[in-house]
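Read the structure below first, then the notes.
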Amino acid sequence: MNIHEYQGKAVLRSYGVSVPNGKVAFTVEEAVEAAKELGTDVCVVKAQIHAGGRGKAGGVKVAKNLDEVRTYAESILGTTLVTHQTGPEGKEVKRLLIEEGCDIKKEYYVGLVLDRATSQVVLMASEEGGTEIEEVAEKTPEKIFKEYIDPAVGLQGFQARRIAFNINIPKELVGQAVKFMMGLYRAFIEKDCSIAEINPLVTTGEGKVMALDAKLNFDSNALYRHKDILELRDLDEEDSKEIEASKYDLNYIPLDGNIGCMVNGAGLAMATMDIIKHYHGDPANFLDVGGGATAEKVTEAFKIILSDKNVKGIFVNIFGGIMKCDVIAEGVIEATKQVGLELPLVVRLEGTNVELGKKILNESGLNIVAAESMADGAQKIVSLVG
């Protein structure tokens, strides 16, 4: 789960991480009032969406008086920002962060991520702050420094100091930088983050080390023990189809293709997408109905797939282990009738009660194309959608 920058900064502040003072605003008048309350000569007006690259897209403006705050708030609120992370459709700006300006001396990057290769949390840092870390990794990887953290003891002070020296934090500010990184690590662990990224971390003319931006992502599987974080969820920033899928315990991820996929099991779902690509098709989604799908779940899965206007055909690929093929067949028939399906539908069933499942489909009188194997099904649906 993602949260907004201003929410991330509030979380970090509770762990002793230094962040600029700021207030969230949902209207132009609230933005002006927030700037008045901050009482600083310079304010930064920042669009709040779940995506990076806001500055380049015109979503971050420096205001030197209240009139400029009003002008920038009017120009940003309600507009659609398109960045490299939003996709071409962009995201509508519905809230702003009004923040005090900083006398920036130098920008850095600091982040905590999970390294799956070593099964450890890794602290990464670079003195090339303010730019995409992926770009730094590609062009100048030698400028990225890493410290792998032993989960038994956590981030150690000497590791944070080594990072601070490696990225050339001024000596007089190393202590602050170490405190910053230790607080960031505590937040990462205690809040079950999957990413905690500060880009940029800055040193200021007043001799402070601060987080000028904050990106925190949380492990959705751990949200049951973080009710405070769950309350920060902004459904406006999430895909409506993903939200609907989560209500029925369906795992849905939208893609850019035109072949809808309904599969049970994440591994089979990925294999299904691979084989569709192999036969020169393009999957429109990843949709895992899980091991205990009911007729109701299958119907909802169909509705979610069909809500994507790019879908030109559907491939149902089910291996019946816990799930029985006859139950799936009945669900497919019920769903087809309910939604009035007119698109090509290819169904491949294998496993428990497979013959009964095929018999139910064959006797349904509906225009359902049966497939004998996954490869056969993929070829048929690719052919049908043209």
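Note that Cβ sites are derived from N, Cα and C of the backbone, with glycine treated the same way.
Per Swiss-Prot, the features are as follows:
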type: BINDING; residues: Lys46, Gly53, Arg54, Gly55, Glu99, Cys102, Glu107; note: ATP binding site
type: BINDING; residues: Asn199, Asp213; note: Mg(2+) binding site
type: BINDING; residues: Asn264, Gly321, Ile322, Met323; note: substrate binding site
type: DOMAIN; residues: 9-244; note: domain 'ATP-grasp'
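Features recorded in Swiss-Prot, as mapped to the structure shown.
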residue : record                 : DSSP (3 states)
Gly53   : ATP binding site       : coil
Glu107  : ATP binding site       : strand
Asn199  : Mg(2+) binding site    : strand
Asp213  : Mg(2+) binding site    : coil
Asn264  : substrate binding site : coil
Gly321  : substrate binding site : coil
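Between the candidate binding-site residues, Cys102, Ile322, Met323, the densest Cβ environment within 10 Å is the one around Met323. You'll find the Cα of Gly321 (substrate binding site) roughly 47 Å from the Cα of Asp213 (Mg(2+) binding site). When the Cα of Arg54 (ATP binding site) is compared against those of the binding-site residues Asn199, Asn264, Ile322, Met323, the shortest separation belongs to Asn199. In this model, the domain 'ATP-grasp' (9-244) carries an average pLDDT of 93. Sequence-distant neighbours of Gly53 (ATP binding site) (same chain, six or more apart, CB under 8 Å from its CB) are Thr83, His84, Gln85, Thr86, Glu132, listed in sequence order. Closest by Cα distance to Glu99 (ATP binding site), from the binding-site residues Asn199, Asp213, Asn264, Ile322, Met323, is Asp213. Summary: among the binding-site residues (Lys46, Arg54), the fewest other C-beta atoms within 10 A of the C-beta are counted at Arg54.
The maximal spread of the substrate binding site, taken as the longest Cα to Cα distance among Asn264, Gly321, Ile322, Met323, is 10 Å. Cβ neighbour density within 10 Å is lowest for Asp213 among the binding-site residues Glu99, Asp213.
Asn199 (Mg(2+) binding site): 22 other CB atoms within 10 A of its CB, across all protein chains.
Annotation note: Lys46 (ATP binding site) sits in a strand segment as assigned by DSSP. According to DSSP, Cys102 (ATP binding site) sits in a coil region rather than a helix or strand. On the backbone, the CA of Lys46 (ATP binding site) and the CA of Asn264 (substrate binding site) stand 42 Å apart.
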